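As recorded in TrEMBL:
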- Cys148: active site, proton donor (ACT_SITE)
- Lys50, Asn51: phosphoenolpyruvate binding site (BINDING)
- Arg124, Asp350, Val372: UDP-N-acetyl-alpha-D-glucosamine binding site (BINDING)
- 35-467: domain 'Enolpyruvate transferase' (DOMAIN)
- Cys148: 2-(S-cysteinyl)pyruvic acid O-phosphothioketal (MOD_RES)
Amino acid sequence: MTAFRVAMNFVRPSLDTAAPNALEVALTDDVLVVHGGTPLEGRIRVRGAKNLVSKAMVAALLGDTPSRLFDVPRIRDVEVVRGLLGLHGVKVSDGDEEGELVFDPTNVESASTDQINVHAGSSRIPILFCGPLLHRLGHAFIPDLGGCHIGPRPIDFHLQALREFGATVEKTPEGLHLSAPNGLHGTKFALPYPSVGATEQVLLTAVMAEGVTELRNAAVEPEIIDLICVLQKMGAIIKVHTDRVIEIQGVKRLHGYTHRPIPDRIEAASWAAAALATRGHVEVLGAQQADMMTFLNIFRSVGGEYEVTDLRPPRGGSPGQEGGIRFWHPGGELNAVALETDVHPGFMTDWQQPLVVALTQARGLSIVHETVYEQRLGYTEALNTMGANIQVYRDCLGGTPCRFGRRNFKHSAVIAGPSKLHAADLVIPDLRAGFSHLIAALAAEGTSRVYGVDLINRGYEDFEAKLADLGAHVERP
Ligand code: EPU
């Protein structure tokens, strides 16, 4: 079998230790052949943010009447949450509009651990079912989590918060069993780090807990604010104070919501980086300036050009009038930059990998300090094999020392450019690094084979169709 033979020569990052085994992936024949060297040109559209949509779907469990969510992308995480909701008695159906989902939670019921375990290892979203299931059923079973292998990704903040609310948590080999024999009660809680997931956990639990919850050091990403909008539409009382403090007044009942989510700013930035790395020109319909300001500043500093074509007020207007942001490479050389990933309003960790491919084309030394995940630079090894010149370091090379500085993680990168990228056979290690591999293959001279591309479907809707719309020369063998 061809895939089996080439597996021995795969470029595989060593830091992503839990990444799929090259042979395992190769044997699936899940491969995209990429003829690189052609600028991406054209227009694509992003829909609702993956990292909001899946959480809004979980929130539907809390209502006692149906909810409607628009602009839901067809991605793997949505399928997982849909499956879990279905197992718990929530009827999920397609609405009238393309991308609209309707959730009827009037008959929420328990599911068996065996049924739930079908979804083990497939996503991180199941951990957010804890609060809603405890409210609706008094107990919850959570399977082993999946998601990208970009560090240990513990759930200690989640479990600590749930215990503060009064939940008991039992860890077993098959998963987590939770119950709330005395109900859930509001609490004062400070997160050790402004974790997105743990903030969502607290929100989804506190909205129906008895009394007031005060969360300090909360994450305030736009996706969190949009989740708060969803919960407020359902009848929740949530105050977002300054300095990362969120106060939630528990209510006895919540009803359904109708919501159009914020667009996917990670996907938008990924296509922008692809335009820059391939010296192309891509309009991303749906992209919103307000949620991408930090990315736009770096994009401009690198030498990329953009124009905001969405003339609606933020989060306003009707779908028919949609614009977005047009991104392009203006010609000439790109500039090296120093950047540090951080929680909002910093530069998102998920923007890092796609942009680094463009930075391989910039003249001089770029510095990237990854402060959100400790193992999110492993993919750079594959880029080096394609001709990039990237060194990773254990030191904090940004302005601020971060949590990983003294913990022996290679979490800073120096990118020397410009480098001519050439084709290679690549195995995709995780979602965002996978997209960066794809961009590198598109930017490189020659024909690359990218294995394990199905992983990209976890977070990028119809990416193969979008590549075709942008004139990329890709094919399934
Ligand atoms: N952390 C802990 N303990 C916890 C929770 C988090 O130590 O209990 C640490 C993590 O290990 C990490 C940091 O806190 O070092 C931040 O993690 P966070 O909880 O904020 O991340 P998450 O909720 O698991 C979401 C997105 C990620 C995105 C991050 C940061 C979803 C489904 N995932 O993850 O998106 O990178 O926030 O913005 O919303 C992606 O889309 O590819 C992706 C990885």
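Cβ atoms here come from the backbone N, Cα and C positions, even for glycine.
All annotation found in TrEMBL is predicted automatically rather than curated by experts.
Since the structure is predicted, the reported quantities are computational estimates derived from the model, not experimental observations.
Secondary structure from DSSP puts Val372 (UDP-N-acetyl-alpha-D-glucosamine binding site) in coil.
Here the C-alpha separation of Val372 (UDP-N-acetyl-alpha-D-glucosamine binding site) and Asn51 (phosphoenolpyruvate binding site) works out to 16 Å. A simple way to gauge crowding: the CB of Arg124 (UDP-N-acetyl-alpha-D-glucosamine binding site) has 16 other CB atoms within 10 angstroms, across all the protein chains here. For the domain 'Enolpyruvate transferase' (35-467), the mean pLDDT of the prediction comes to 94. Note: the Cα of Asn51 (phosphoenolpyruvate binding site) and the Cα of Asp350 (UDP-N-acetyl-alpha-D-glucosamine binding site) are spaced 11 Å from each other.
Here Asp350 (UDP-N-acetyl-alpha-D-glucosamine binding site) comes close to Ile266, Ala269, Arg432: these same-chain residues lie at least six apart in sequence, with C-beta atoms under 8 angstroms from its C-beta. The Cβ of Lys50 (phosphoenolpyruvate binding site) lies under 8 Å from the Cβ of Pro73, Ile75, Asp77, Val78, Asp264, Ile266, Glu267, Gly459, each of which sits 6+ residues away along the same chain. In this structure the residues listed as binding UDP-N-acetyl-alpha-D-glucosamine are Arg124, Asp350, Val372; their two most distant Cα atoms lie 17 Å apart.
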